[in-house]
Every structure is written in C-alpha cells, then in structure tokens.
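Q: Here TrEMBL flags 507-519 as compositional bias 'Low complexity'. Residues or ranges marked as region 'Disordered' by TrEMBL: 493-533. Positions annotated as transmembrane segment by TrEMBL: 12-31, 65-87, 99-121, 212-230, 251-271, 291-313, 429-448, 460-480.
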Amino acid sequence: MGIKAALPKYEIYFYNTVLCLAMFWATSWIFEVSSSNANRKTFKTSVKPGWYYFGRKMETADFEWLMWFSTFRDHIIFALSGHVLFAKICSMLAPQYRSLVYMVYGLLAVWTSMGWTYVTLILSHCILLYSISLVKIRWLCFVTGLCTLATFKCEPFISWQAGFVEGDFELRPVFFYGGCGFTVMRCTSFALENCERKDGNYNILELLKYNFYLPFFYFGPIMTFDKFYVQVNRCDLTRKEREMWNINLQGVIHLIVIIVVDILFHFMYILTIPTDLKLMKHLSDWALVGLAYFNLVYDWVKAAVMFGVINTVSRLDHLDPPKPPKCITMLYVFAETHFDRGINDWLCKYVYNYLGGKHENMVEELVATLCTFGITILWLGPCQVVLIWAFLNCFGLNFELWTAKFFSVEPFSSFEMAMSEAMSRRIRAIFNTFNFWSIVLYNVLALNSLDFAKLVAKRLLLKGFPITTIIVMFVTYCLIQVIKEQERRQALIDDPDPLPPAPPPNAAISPTTSATAPTGAQPVADPSKEKAE
C-alpha cells in the first residue's frame, strides 16, 4: 500500500467528528476532576493560587516549565538577548569572526553563572576527548566518550565533579548536569567526525567554538559537529525570502503557546492528578485514558516550546538547528518515537544507522537497537523505570521489523496486492492502533511513574474490557486514519503525481489528410509528454 492511498471524503469527515467528540469528552472529565479536587491535601504542594483574573488555583508541578517561563525567565531572556545583540553586531562588522564571538560570549556566560572551576572541569573533558580524537581510532573515541558520560551517572565521580561548582542557587544541579552531559555528547561527536576526516585534524579551537555556543550549551538540542562546522563558518549570511518573517512568526507562536499552556494549568491538573493513586483509582476510564494521552501531549508541547525558543535564537545566527520533536499525536510507529530530535539524530548517525545498515537484516537491527538503547540508558541515568522503558521500546522497534518481514512473504503479500489500496490502508490502521497505545503506555511509564502506567493498562485492557477497550481502540483507529490522511496530503505536496501526457498536435487532422501524408515522415516527439514520462 502506498502512502497516497485515499479514502472517501465522508469517511474522513466521520473520523474527524468522532475524534473531536472523544477529545472533548475526555477533557470534560479531567476538568471536572481538577475542579472538584483543587483543595485536596495531596495537591497543596503543586496547586497554588494562580492568576487573579481567573480566580482559580494554578498547577505548578513542572519545575522545568516554571524555570523557563516563570522563576528564571528574566535571567534566561537576559542571557539570550545579550548573545543575539553581540552576534548581530559581529555579523555586521566582522562576519568572519562571528563563531569566535559566539565562543567568547558563551564562555563568559558559563563562567559568570557557574564559576571558573566549572569552566575548568568542562575544558578538561574537551581536552581529553580532543587528545583521543587525534589517534583517529573510532571505537576508542566512542568508548572514551561513554566512560566520560558514565562519570556523571555514578558515585563517587558525581560528588567529586560536583564539588567544582561554586555557589548555591536553585539552578545549580540543572546547569551542572545539563552542561556536562551535553558537553560530553558534543565532544564525542567532534572526535568521531575528526576520525572521519582524511586530511589532517580539526583545530581544538573549533571544538571550543562548537561546545561553548551558549544557546545549545545547557539545554541542547545537540547539533552534530559536521553540520555545525559547515553552518557556523559560512561566509554568505544573506537570508532567504521571508526568512525573517518566519523567524518572527515562530517567536510569536511560541509566546502564544506559553500563554495558552499557563491558562490550561488553571483548569486541568494533568501533572498533579497522576501522583495521587488513591484519587486515580476512583476516576472514570475516560479520565484515566485522557490523562495518559494529555501527559504525553504536554511533554511534547514543553519540548517543542523550549527547543523552539533556542532554535529561534540559533536561526537568527544563520544556523539550521534540529527540528522540534514530532507530536505524539502523529506517532503510531516506534521508528519515529522521540522527544529530543537532537539526541535522536546523534544516536541515528553514530550508532543506529552505523550498525543497522539498511535496517533490513533482523540480526543487525537487533544489535543496532540494543546498542542505541544502551547508550540512551546511560544518557538518562540507569534506574528501574529507565531500564523497563528501554526494554519495551527496544522490543517494539524490533517487533515492527519482524512483523513487516512476516507479512511481506506469501501468502500475505498476495492478499494485500489483491485488495484495494483503501482497504489495505484500513487494515494497516487497525494494527497501528495497538501500536499507538503501546507507545503511549511505554512513554507514560518514563514520564510519570510505573504505578500510573500499570493502572492505565489494567483499566484499559482488563477492568474496562470489552466496552472501554473497544471504544478507546475505535477512537484511536479514527485518529490513525486522520494522521494517515495528513501524511497523504503532505506526500502529494512533496511528490505530486505526474500530469497525464498532452494529446499530440496532429490529433485533430482528418483521416484524408493523414492518408495523404508522406510515408517517410517521422512523428515529432511531444516535449510535454517526455517530461511527464
């Protein structure tokens, strides 16, 4: 079945209607639970007085969101505004030195926020991995990078290195782990790219420019060194048509999303409710399913906004940063599941695609996924929840390949060839429905807790069977078809179907004329027909 397989319009309208009604119904349940339990004892630490205009309490359970857009908003805006200002001045006066200005400003900003001992610690890791990269042995660079990353995940190395940080402020641990973790990943990317370079080595100054680019330093996203090096050293700084308009529009959209999320925090406590298991056991099936789904949607919105703000700044610096993560609403295959596209690109480039090849051999795919999720476990920090999450996602990714291989052989391939494209799309959507909820449950496990994931799974598959299970799966099936329809339209835009060939110019000539034409005359090829073919 091709991605361009179409369904009747009335069927697509029906799917959209069912989906909208289901979303509205689940939202109403969560709103009712949030309103009736706003004064609950277990909510006191995370539900506090909100905006005066609404007269309602506001959820404050997410530290990252508060850090970015409330508590330390002014500090972050001040630091990024200074970067944009100095970068703009340098781009106008001496564009060939702009990467050096990025590095100096980033180095001074890190020094000011974390102290000179922290800068020394970061420089020591950069020098270590740069020295190893000069040997140009790929596996040695990789092992060194992983061992260095492991020193920030286990004792006593964590405590010893944390002692290099000066001051005692709230963002100290966030800056420490964020800056060190992303530094190791960037230095490893630099070392691996240096191994691939045939003529000489990159200068250590290029590594420092790459690592101390302030917008990416503490919170990412990660841009691999090969892309950063080409873009930051580009001399032609002319922009495309309407590029600045798109950058400004992106900034306005992020501002609107931030305001909308803060407003919704007054009416839906989607992060606080899952922490109260006693309350959860008394909720309806629709409220539980809606909570699981909206938790993932919120996490995507948060990642998209935070990375989007940073990406807007980097686009002002004439860079092309990693795109925001794909919305969880649009995911129904494990191969596209990620919440940080920068880390995903890094893992795909250096591990998954490098070991998996064309991803057709099941043994190579298994080895590639095991290594990829092994590094992901190290990046996130080994613990029970992360290990379970990695195992389930690794299994899901391989199971997709095994299923595709199984149904590509006879007699299944003949069955699909015999049916219409629309029917094939419907059958595939049924399998994608179960895949979608596997992705939801696996990631709810990582974002919330094991107990919450267990409760949702039991209510959806056991206690709610068959009524809740069938209804939720049918609504999910409608969602999958809506996603496939959007993918079909995008595919038609990216790769439009060829136009039918134009009729030959002599088609209107009468039979008498054609009969009297010289027999030796050769037909003239129609250029439009050749182009269509």
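A Cβ is built for glycine as well, from the same backbone N, Cα and C atoms used for every other residue.
Whatever TrEMBL says is automated annotation, not expert-curated.
Note that the structure is predicted; figures quoted are calculated from it, not measured.
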Q: For the transmembrane segment (291-313), what are the same-chain contacts with Cβ under 8 Å, counting residues 6+ beyond its ends?
A: 26-27, 30, 62, 64-65, 68, 80, 83-84, 215-216, 219-221, 247, 250-251, 254, 257-258, 261, 268, 270-271, 273-274, 283, 321-325, 327-329, 339-342, 440-441, 443-444, 447-448, 452, 456
Q: Please work out which recorded stretch in 65-87, 99-121, 212-230, 429-448 has the most C-beta pairs separated by under 8 angstroms from the transmembrane segment (251-271)?
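A: Comparing 65-87, 99-121, 212-230, 429-448: 65-87 has the most Cβ pairs near the transmembrane segment (251-271).
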Q: What same-chain residues lie close to the transmembrane segment (99-121): Cβ under 8 Å, and 6 or more beyond its ends?
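A: Distant Cβ neighbours of the transmembrane segment (99-121) are 79, 82-83, 86-87, 90, 161, 164-167, 172, 175-176, 179-180, 205, 208-209, 212-214, 217, 232-233, 317.
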Q: In the same chain, who gets a Cβ under 8 Å from the transmembrane segment (212-230) while lying at least 6 residues past its ends?
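A: Same-chain residues near the transmembrane segment (212-230) but 6 or more away: 79-80, 83, 102-103, 105-107, 109-110, 174-175, 178-179, 182-183, 185-186, 189-190, 193, 202, 206, 306-307, 310-311, 313-314, 317, 319-322, 340-343, 345-346, 349.
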